[in-house]
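Peer 1: Under the heading domain 'Major facilitator superfamily (MFS) profile', TrEMBL lists 85-500. The feature transmembrane segment is assigned by TrEMBL to 85-103, 151-170, 177-195, 215-236, 248-267, 357-376, 388-407, 419-441, 447-468, 480-497.
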Amino acid sequence: MAEYFDDGNPRLTAVRVPTRHDKFSLYAQDTLVATPENVSYLQHQLGGGSFPAARESFDISTDPLQADKATEIRLFSFARPHMRAFHYSWISFFIAFFGWFSIPPLMPTIKTQLKLTEDQIANTNIAALSSTIVGRLIVGPLCDRYGARSVQAVLLVVGAIPVASTALAIDYSGFMLVRFFIGLVGCTFVATAYWTSTMFSNEVVGSANAIAAGWGNLGAGVTYLITPVIFDLITLNDKISDNYGWRLTLLFPALMMVLIGICTYLFSDDCPRGNYVDLKKNHAMANRPHRDLYVDFMAVARLPVTWILAFQCCFGVEIQVHNVLSLYYYDDFKRSQCDPSTTEDACRLLSQTKASLISSCFSLMCIFARAVGGYLSDVANRHFDMKGRIAVQFAMLTGEAVFLFIFSQVRVLGGSIPLLVAFGIFVQAGTGSTYGIVPYVSPRHTGATSGIVGAGGNMGGLAWGFLFKAVGSRAQSFQYLSFFIAGAALTCGGMNIEGESNLWTRQVRS
């Protein structure tokens, strides 16, 4: 709403309007006054001119009642601030996951060169997930305070250090240590979800979150395609040994992380109205009362629905499958009538590169599947309110459990691959539908909610890491995991978000 002083200077006031969208407006209760000190900055951030014209200057439809969040997604636009932030969110997330999962495709070679046992490999997989749990709990509130852009950039640049340092590992202990710190890169998942939630209105936030997270998560699949090829090129004709080849290969994702991290910080925005630090400095965004991270965390942690979402088996399953899938196809699929005790390499059906290529099919479903999950969640919400979103979540988890169980029973390569693809579709769609619900849990603490839910996914991945280690057989571990996923699907019946309908009742919102 725009008002003007007698001398013609504009005054911008954010008015609290009692609508169903109001609870999604950041700082909706604050009053913003254009003073001589900040009017130029406000006009610059909003596109210049008077304030009514500035709101029309966005290159995308926005809702002023939701802090100028975009009400549509234009995938082929790179305009600031909305679509620029959207593209940088998924690109930075893509590179982060490319670096985080650059080790599993090379694990057959690393296992040989560092003389690692199966138990030690399982321990390093667990280490790569454990650090992310604590990190994600912290990153969410940090996004609330400093903005996702800055947090994302720092995670990429700092995370590149342990990725590059992996080249210096000479034994199990060193390898375990760098994998632990590499796990912090996984916190970019929280910043990505927060960033898109800040830029897009509740009508499309499910789709925006799903597309950005899905395309970003694609980095885990692409690294399965590219990393072994880079390794093969480096070690071509044995000019460079395998021991040096895998080390040099890991420098590539580290360099990309630094480059994209710097670009993310320099060329994107925290929110539709600019960057948090600039808006506060120019008094264009009223400061909320200072709260520490613990208060933000507890505001969300006290809600049961947060923990139901956190422990549902989509993202945790995904990251554990990433860690074991390449070795599963490399070690567990053997030629018939072959004695592995004397000719183990000859008995394998697949080389390291081919095993990684097949494994990439799981992650490549991110191209569309996570977006489908978010889109179905948005469509169901339009027709059935929150009840529809929860129903979609239940359907995705159920399909995930069914296809994983069948996948665990099939030991024929030709049958295993299509089942892996189907399983991957439901896993990714389940993650998309999860983050279609997250912005509704506690809109004032979206970062903290994303952090807890994301950390819950890592806790699930950590638990599944211990499961695979205890069981030993990967195929049997997949079977047991399908039972846990089926149980998680049933928890959808217990989801209850304040002011929203659930599977059993329908509440009318004011």
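Cβ atoms here come from the backbone N, Cα and C positions, even for glycine.
Annotations in TrEMBL come from automatic prediction, not curation.
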Peer 1: At a threshold of under 8 Å on Cβ distances, which of 151-170, 177-195, 388-407, 419-441, 480-497 pairs most often with the transmembrane segment (447-468)?
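Peer 2: The stretch with the most close Cβ contacts to the transmembrane segment (447-468) is 177-195.
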Peer 1: So, taking each listed stretch (151-170, 215-236, 388-407, 419-441, 480-497) in turn and counting its Cβ pairs to the transmembrane segment (248-267) that are under 8 angstroms, which one gives the highest count?
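Peer 2: Ranking 151-170, 215-236, 388-407, 419-441, 480-497 by Cβ pairs under 8 Å to the transmembrane segment (248-267) puts 151-170 first.
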Peer 1: Let me know the model's mean pLDDT on the domain 'Major facilitator superfamily (MFS) profile' (85-500).
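Peer 2: The predicted confidence over the domain 'Major facilitator superfamily (MFS) profile' (85-500), as a mean pLDDT, is 86.
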Peer 1: Near the transmembrane segment (151-170), which residues from the same chain, at least 6 beyond its ends, have a CB less than 8 A from one of its CBs?
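Peer 2: Residues 88-89, 92-93, 95-96, 99-100, 102-103, 114, 139, 142-143, 177-179, 181-182, 184-185, 187-188, 191-192, 195, 247-248, 250-251, 253-255, 257-258, 260-262, 264-265.
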